[in-house]
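*Asks:* Sharing the features that Swiss-Prot gives for it:
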| type | residues | note |
| --- | --- | --- |
| REGION | 30-210 | region 'Zinc metallo-hydrolase' |
| BINDING | His79, Glu81, His147, Asp166 | Fe cation 1 binding site |
| BINDING | Asp83, Asp166, His227 | Fe cation 2 binding site |
| DOMAIN | 254-393 | domain 'Flavodoxin-like' |
| BINDING | 260-264, 342-369 | FMN binding site |
| DOMAIN | 423-474 | domain 'Rubredoxin-like' |
| BINDING | Cys428, Cys431, Cys461, Cys464 | Fe cation 3 binding site |
Amino acid sequence: MSIVVKNNIHWVGQRDWEVRDFHGTEYKTLRGSSYNSYLIREEKNVLIDTVDHKFSREFVQNLRNEIDLADIDYIVINHAEEDHAGALTELMAQIPDTPIYCTANAIDSINGHHHHPEWNFNVVKTGDTLDIGNGKQLIFVETPMLHWPDSMMTYLTGDAVLFSNDAFGQHYCDEHLFNDEVDQTELFEQCQRYYANILTPFSRLVTPKITEILGFNLPVDMIATSHGVVWRDNPTQIVELYLKWAADYQEDRITIVYDTMSNNTRMMADAIAQGIAETDPRVAVKIFNVARSDKNEILTNVFRSKGVLVGTSTMNNVMMPKIAGLVEEMTGLRFRNKRASAFGSHGWSGGAVDRLSTRLQDAGFEMSLSLKAKWRPDQDALELCREHGREIARQWALAPLPQSTVNTVVEEETSAATTADLGPRMQCSVCQWIYDPAKGEPMQDVAPGTPWSEVPDNFLCPECSLGKDVFDELASEAK
């Protein structure tokens, strides 16, 4: 069944309610998807894109119900991926001489998938036009790496419709086609999920390409995407969102993600979150167990966040496999303007947190101090986790902290100073254990109230057994 998009433009695509995996299993399409193909009937008849290859026969049969296939004058392929051009082999078997208009890179991709170099390919570049009669033209705009090298958009003059390919789309299936007909909350969530998981690596290209398209000074009454809705009500709203998301986007949000073997790292995650919320009640904190959560939801939250804390147990001296996989995904997505911190629990060896810190730094995150706990964290260890969360909240604050929080901190510091000027707390640079002069270290006969300067030179860190020379003044107390 076709749907009128505008005037002589009809949607002839395919809804896919049951699809749950995309790009292999890398993208969970929890709300299905659609493969949008468009038939333009002017003096010349034009088909823009096809559908996913698994619907090839249905697509060609449905298209026959709309038009004699021999009457299709041109085929435009904006993108050669199988969910866009998958039905070409089935269609071209019926009309083998029909001209195909696409980019030079698309020819390589189409031949790689369909193996028909004899098809009638016509290469187009940015600014090229194709007259389709009735005073209307198609204008082509190359958009390489949004998100494949072959990608392009097509603009129809007269009707002012931009066929935008993957840009501005979403994996979202609904019986309604237009953006003003569907649930707006669901639509926004799927748009952001789509951008975060698919287009984030190419954010540096989004703004200049949108600027280039706007530079044509062409009116845009509708944006017809390759997946999801057609934007007819205020279509530029999604363009404005893309410009916002492309500009090193972040919200006042922190994501905590972890995997755990014996629940110990989960306990750390909860305590860190408590410390963050206690110090900065305005910040949104979301916690995910990577083994039990939707990976794409996690990555969308990282995209939205100003920072991410990643936790892992140590297994065979390395991080948990699902955490390693998630960090590899984050490396590929090339997030920008975000901070990170690693944490985790261990038994006899704690190598995972160090490896995790290195991997996060390699992924482009600005790193903060990491945190380790040995075995199951006791109340003292959990308090260290809360303090770590408090320090993260202070370091990552986007604005001055609420006055009530500041006053509490000042009062505590004033009270401590009144009791005795014990000097700063010191942190082991290897394992992050903290020496608090107010508590001392009774196990080594260091009495409460002992400043660091008076701690014996033979003092050893209770966690890693290294000496005083590896201790530094706690960052939050450094002047």
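Glycine is treated like the rest: Cβ placed from N, Cα and C.
If you look at the structure here, what lies around each of the features I listed?
*Replies:* Within the same chain, residues at least six positions away from His147 (Fe cation 1 binding site) with a Cβ under 8 Å of its Cβ are Asp166, Ile198, Leu199, Pro201, Phe202.
If you take the C-beta of His227 (Fe cation 2 binding site) and look for same-chain residues 6 or more apart in sequence within under 8 angstroms, you find Ser33, Ser34, Tyr35, Asn36, Asp83, Asp166, Gly169, Gln170, His171, Tyr172, Tyr194.
Its own atom aside, the Cβ of Ala342 (FMN binding site) has 29 Cβ atoms within 10 angstroms in the protein chains shown.
For the domain 'Rubredoxin-like' (423-474), the DSSP-based tally of helix, strand and coil residues reads 9 helix, 12 strand, 31 coil.
For Cys428 (Fe cation 3 binding site), the count of additional Cβ atoms within 10 Å of its Cβ stands at 20 [all protein chains shown].
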*Asks:* Counting other Cβ atoms within 10 Å of each Cβ, which of the binding-site residues His79, Ser357 scores lowest?
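*Replies:* With the binding-site residues His79, Ser357, fewest surrounding Cβ atoms within 10 Å: Ser357.
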*Asks:* So which one is it: of the binding-site residues Glu81, Asp83, Asp166, Asp362, which has the fewest other Cβ atoms within 10 Å?
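*Replies:* Among the binding-site residues Glu81, Asp83, Asp166, Asp362, the sparsest Cβ neighbourhood within 10 Å belongs to Asp362.
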*Asks:* Work out how many Å separate Thr260 (FMN binding site) and Cys461 (Fe cation 3 binding site) at their Cα atoms, rounded off.
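*Replies:* Rounded to a whole number, the Cα-Cα distance is 26 Å.
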*Asks:* Cβ within 8 angstroms of the Cβ centroid of Asp83, Asp166, His227: which residues besides those meet this for the Fe cation 2 site?
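*Replies:* Sorted by sequence, the hits are Ser33, Tyr35, Asn36, His79, Glu81, His84, Asn165, Gly169, His171, Thr225, Ser226.
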*Asks:* Where Cys461 (Fe cation 3 binding site) and Asp362 (FMN binding site) are concerned, what is their Cα separation in Å, rounded?
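*Replies:* Here the two Cα atoms lie 29 Å apart.
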*Asks:* List the Cα distance (Å, whole number) between Gly347 (FMN binding site) and Cys428 (Fe cation 3 binding site).
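*Replies:* So the Cα of Cys428 (Fe cation 3 binding site) lies 18 Å away from that of Gly347 (FMN binding site).
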*Asks:* With the Fe cation 1 site defined by His79, Glu81, His147, Asp166, which remaining residues of that chain have Cβ atoms positioned within 8 Å of the Cβ centroid?
*Replies:* Asn78, His84, Leu146, Trp148, Ser151, Asn165, Ser226
*Asks:* Test of understanding: give the count of other CB atoms lying within 10 angstroms of the CB of Met367 (FMN binding site).
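*Replies:* Its Cβ shell of radius 10 Å holds 13 other Cβ atoms.
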